[in-house]
Amino acid sequence: MTEFDTIAAISTPMGEGAIAIVRLSGDEAVEIADRLFRSPTGKQLKDVPSHTIHYGHIVDPKSGRIVEEVMVSVMRAPKTFTREDVVEINCHGGFVSVNRVLQLVLANGARLAEPGEFTKRAFLNGRIDLSQAEAVIDLIRAKTDRAMNVALQQMEGRLSKLIRELRQTILETLAHVEVNIDYPEYDDVEEMTPRLLKEKAEYVRGQIEKLLSTATQGKILREGLATVIIGRPNVGKSSLLNALAHENRAIVTDIPGTTRDVIEEYVNVRGVPLRLIDTAGIRETEDIVERIGVERSRQMLKKADLILLVLNYHEPLTEEDERLFAMTEGMDVIVIVNKTDLPQNIDIERVKELAAGRPIVATSLLCERGIDELEKAIADLFFGGELEAGDLTYVSNSRHIALLEQAKKAIEDALSGIDVGMPVDLVQIDLRRAWELLGEIVGDTVHESLIDQLFAQFCLGK
C-alpha cells in the first residue's frame, strides 16, 4: 500500500437533509477523530472493533464546546474502499453543522481532499483498477437503470477481466517468441511459426472487435442520445418535449415562435437516456432574439445523434418542411406527424417520399396519443427494440474505445507483417504496442498526468 497523509472531505451533497457525512482516510484517520469524538461511555475509537458505528458528540478540543451530535463509523485497513483506515462522521444535514465538523477535522491534522482523491487512493492502493475507477463516475452520472447496470458491471471488473485476459494472451505469445529467438536450440519448446502467431493475433483482434461492437450502444447508455426536436413554429415541438419528459418543461402556446432558445432535458425512453433538445422553430424571421435561437437550432442539428422532425397533420407541407427534410438527409430521423386529432390537410404520400424509408409516427400530443409508438420507434432505431442481454460487456467510455481502436490497429499491423513474411522479432513490436495500449485501459501502463486528469472529474469526497 502507498504511504499517504490523511485526507478529509464532505461526502454528501451540500444542503438540507437528514444526514451529512464527513469522510476521513489515512493512517491518522482514527487518531484525528479520537481528538474530537466524545462517547457517553468514555470509550475511544482506537479501541473499538473495525466496521462498527458509535454514538457521541464532536467536541472542540480547545474550548470543550459540543459542536455536533454524531454517529461515527470506524473501518480499518485493508478492508475499506481506499484500503486505508477510514472514519465517517455522520452529522445532521445542513450547511453549518457539517462544515463546523469538517473545519475541526482539518484543524486537527487532516488535509482537505482533492476531487476524486478517495477513489484515486483506492486505485493507487490496488483496490480497483483504472477502468473500475472511471465506472464510479458513470454510476454517479447514470440517467437510467440500464446505464447504471453497465456502470456496475464495469465496477465489478467485467471489462477489466476481459482486458487482462487479452493482455495475458499477448504476453504469453511475446514470451514464446522471445524463447524461440534466444534459445533456438531448445527442441522441447514449440516453435512459434507464422501460422501459430497469426492465430494468436487473429484471436486477440476478434475479441477486441467484439468489445468495439458494443461501443455505439455503450456510449448512448453512458452519454445519452443527443436528440434534437425540429420543425416549423407551432407544430408541437415543445408539447413533444413535455410529453416525453412527462412534465411541463417548455412553454406551450398557439403563438408561433414561443420557443426562442434551445431547451434541454434528460428523459428516459425504454432504458435509453435521451438528451432532448427543443429548438426554436427554424424559419426566416425579423425578430433578432428569435433569429439567434434559430441559428442555435441549426448548430445543434449538426451535433445531433437523433432528430425528431415534427410536421402538422392539419396543414399542407410547406417549403420550410421540405427544407428540413433536405437539411437532415443522411441522418437518423424519426418523422412525427402531429395534431392528428384535427382534419387532415397534409399529403401523407409526399411525407413518405421525403422520409425515404425513415420511421413515421402519427401523434396527437394534445390527446396524448402516439407517445408509446414514438418511444418504441426510438428504441427500435438504436437497439432493435431491446438492449442486449445483461451478460454482454459494454464499452461505453470514449477513452477505452479509442485505446481499443488503437490496439486493434496495432494487431492488424502485426498481421500485415506476418502476411508479407516479416521476421517475428519485428512483428512482436506491434504486438507489444497492443499490449501496452490495452494496459492503459486498466491503468497498468498509464501516465501519472492522465491519472490526475481522470480523477479531477470526480466531486469532492468521492
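From the backbone N, Cα and C atoms, a Cβ is placed for every residue, glycine too.
Swiss-Prot lists Arg23, Glu88, Arg127, Lys462 with the feature (6S)-5-formyl-5,6,7,8-tetrahydrofolate binding site, giving sequence analysis as the kind of evidence. What Swiss-Prot lists as GTP binding site is 234-239, 253-259, 278-281, and the listing cites sequence analysis. Positions annotated as K(+) binding site by Swiss-Prot, on the basis of sequence analysis: Asn234, Thr253, Ile255, Thr258. The feature Mg(2+) binding site is assigned by Swiss-Prot to Ser238, Thr259, with sequence analysis given as support. Taken from Swiss-Prot, the feature domain 'TrmE-type G' covers 224-383.
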Whole-number Å value for how far Lys237 (GTP binding site) lies from Glu88 ((6S)-5-formyl-5,6,7,8-tetrahydrofolate binding site) (Cα to Cα):
48
Coarse DSSP state, helix versus strand versus coil, of Arg23 ((6S)-5-formyl-5,6,7,8-tetrahydrofolate binding site):
strand
If you count the other CB atoms within 10 A of the CB of Glu88 ((6S)-5-formyl-5,6,7,8-tetrahydrofolate binding site), including all protein chains displayed, you should get 19
Tell me whether Asn234 (GTP binding site) sits in a helix, a strand or coil according to DSSP.
coil
For Arg127 ((6S)-5-formyl-5,6,7,8-tetrahydrofolate binding site) and Ser238 (Mg(2+) binding site), what Cα-Cα distance in Å is obtained after rounding to a whole number?
47
For Arg23, Arg127, Lys237, listed as binding-site residues, tell me which one has the smallest number of other Cβ atoms within 10 Å.
Arg127
Mapped DSSP class for Glu88 ((6S)-5-formyl-5,6,7,8-tetrahydrofolate binding site), helix or strand or coil
strand
For the C-alpha pair, I'd like the distance in angstrom between Lys237 (GTP binding site) and Arg23 ((6S)-5-formyl-5,6,7,8-tetrahydrofolate binding site), rounded off.
46
Please report the distance from the Cα of Asn234 (GTP binding site) to the Cα of Arg23 ((6S)-5-formyl-5,6,7,8-tetrahydrofolate binding site), rounded to the nearest angstrom.
52
State the three-class DSSP label for Arg127 ((6S)-5-formyl-5,6,7,8-tetrahydrofolate binding site), counting H, G and I as helix, E and B as strand, and everything else as coil.
coil
Measure from the CA atom of Ser238 (Mg(2+) binding site) to the CA atom of Arg23 ((6S)-5-formyl-5,6,7,8-tetrahydrofolate binding site) and give the result in Å, rounded to a whole number.
44
Taking 10 A as the limit, how many CB atoms besides its own sit near the CB of Ser238 (Mg(2+) binding site)?
24
